[in-house]
Amino acid sequence: MSDLALVLNSGSSSIKFQLVDPERHATDEPFASGLVEQIGEPEGRVTLKYAGETHTTTAPIPDHNVGLDMAFELMNEHGCGPAEVEITAVGHRVVHGGILFSSPEIITDEILGMIRDLIPLAPLHNPANINGIEVARRILPDVPHVAVFDTGFYHSMPPAAALYAINKDVAAEHGIRRYGFHGTSHEYVSRHVPEMLGRPAEEVNQITLHLGNGASATAVRGGRAIDTSMGMTPLAGLVMGTRSGDIDPGIVFHLHRSAGMSIDEIDRLLNRDSGVKGISGVNDFRALGELIEEHNEDAFLAYNVYIHQLRRYIGSYMIALGRVDAITFTAGVGENAANVRADAMANLENFGIRIDPERNAERSSLAREISTDDSPVKVFVIPTNEELAIARYAVELANRSR
Ligand code: ADP
């Protein structure tokens, strides 16, 4: 077998893992995949999918160390663990790379220290990522570990797009600027577009729309991100499942001063109880669609607010790019919700965007065009695969370092 990478996405109470052959086709199932969940709760669970079967262990999982040990035991038991298969590299998803990291890095103690220094910028995410890195390095000490940063793709964004118009000394002291997130997904999808257009990457201007639970839009010129909707944190930009996206910052002061909410309460409100869920009560687009069919007004309103904000960003990126060759939808909502794509692209014929309703309605797990043959701007659906992208980086860097 060719190289296999172990890809880890370590959250505060869960670890997602995949064993991925980086040479495989984007739509193939990973070699093995699984989830360690409810870490730190009375009952935890490890699930493994391998060779068409699903295996589960339940037991208390006090911390990430125990969780990853259990995952490896389960993998070994079923013939796909490090005891049986050779792992060329471990790829770690790291949410925040600040202005320090523009591309993936082999993890050394020094690099880990730098990721630790970025904790103030991502107090929820980076500690969990670091935890996963430390545990995996303990279990697989002889394999190269590679950090792939969600922010890396945005490192070279022009200052006009990256800077906020706030006091520059305060901004410099506290690292306040637009970092952008979901970069691995936007980069993966945007790299596929020139192939679909049959044009050199340097010539292509495009907008990529990652619409999942979290959602973001990115403008890409010649392979380089020139603007993106998420900001210093992943709370900004588009309306999301539970996150507000852009709001007037004055609302935060008002909620604190007039409504008496604490900063933590406001944080929870904007991150977990807002967005589509905040207006309709549900965050999943399938549930939202069912409510709309039942003529639920709040669901209809939530959907319209979501679409309005999405179109706002598409419009502003069309201006930022000047000429747009392609617009691409990806992630759970972008890949599956034909109505979202149709409504986001409706009545834009004057801007050269023509959707073919039949192509748009077709369900497929393949990359595909949904615009008409004569549409000057091509519209695509390209399934994202962040794990595959991370696996490719990890194996590439590991092989280069040998
Ligand atoms: P994450 O941001 O957690 O990676 P995903 O990219 O997996 O999320 O997207 C998850 C979301 O995709 C779900 O919340 C759901 O709203 C949406 N989704 C998934 N399948 C469908 C579908 N068939 N139709 C509409 N929406 C879907």
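The backbone N, Cα and C atoms fix where each Cβ goes, glycine too.
Caution: TrEMBL annotation is automatic and unverified by curators.
Marked as Mg(2+) binding site by TrEMBL: Asn9, Glu386. With a cut-off of 8 Å between CB atoms and residues at least 6 apart in sequence, the same chain places Arg93, Thr184, Ser185, Tyr188 near Glu386 (Mg(2+) binding site), listed in sequence order.
For Asn213 (ATP binding site), the Cβ neighbour count at a 10 Å cut-off comes to 16, with all displayed protein chains included. Residues or ranges marked as ATP binding site by TrEMBL: Lys16, His210, Leu211, Gly212, Asn213, Gly214, Asp284, Phe285, Arg286, Gly332, Val333, Gly334, Glu335, Asn336.
Per TrEMBL, substrate binding site is recorded for Arg93. In the three-state DSSP assignment, the secondary structure recorded for Arg93 (substrate binding site) is strand.
The Cβ of Asp150 (active site, proton donor/acceptor) lies under 8 Å from the Cβ of Arg93, Val94, Val95, His96, Gly97, Phe181, His182, Gly183, Thr184, each of these being in the same chain and 6 or more residues away along the sequence. Per TrEMBL, the feature active site, proton donor/acceptor maps to Asp150.
According to TrEMBL, the feature site 'Transition state stabilizer' maps to His182 (among others).
Sequence-distant contacts of Arg243 (site 'Transition state stabilizer'), defined by Cβ-Cβ distance under 8 angstroms and a gap of at least six in the same chain, are Gly214, Pro234, Leu235, Leu270, Asn271, Arg272, Ser274, Gly275. Taken from TrEMBL, the feature site 'Transition state stabilizer' covers Arg243 (among others).
Take the recorded positions Lys16, Arg93, His182: by the count of other Cβ atoms within 10 Å of each Cβ, the lowest one is Lys16. Asn9 (Mg(2+) binding site) is 22 Å away from Asp284 (ATP binding site) when you measure Cα to Cα. In this structure, the CA atom of Asn213 (ATP binding site) is 16 Å away from the CA atom of Asn9 (Mg(2+) binding site). With respect to their backbone Cα atoms, Val333 (ATP binding site) and Asn9 (Mg(2+) binding site) stand 21 Å from each other. Geometry remark: Glu335 (ATP binding site) versus Asn9 (Mg(2+) binding site), CA distance 22 Å.
On its own chain, Arg286 (ATP binding site) has no residue at least 6 apart in sequence with a Cβ closer than 8 Å to its own Cβ.
For Asn9 (Mg(2+) binding site) paired with Lys16 (ATP binding site), the C-alpha to C-alpha distance reads 5 Å.
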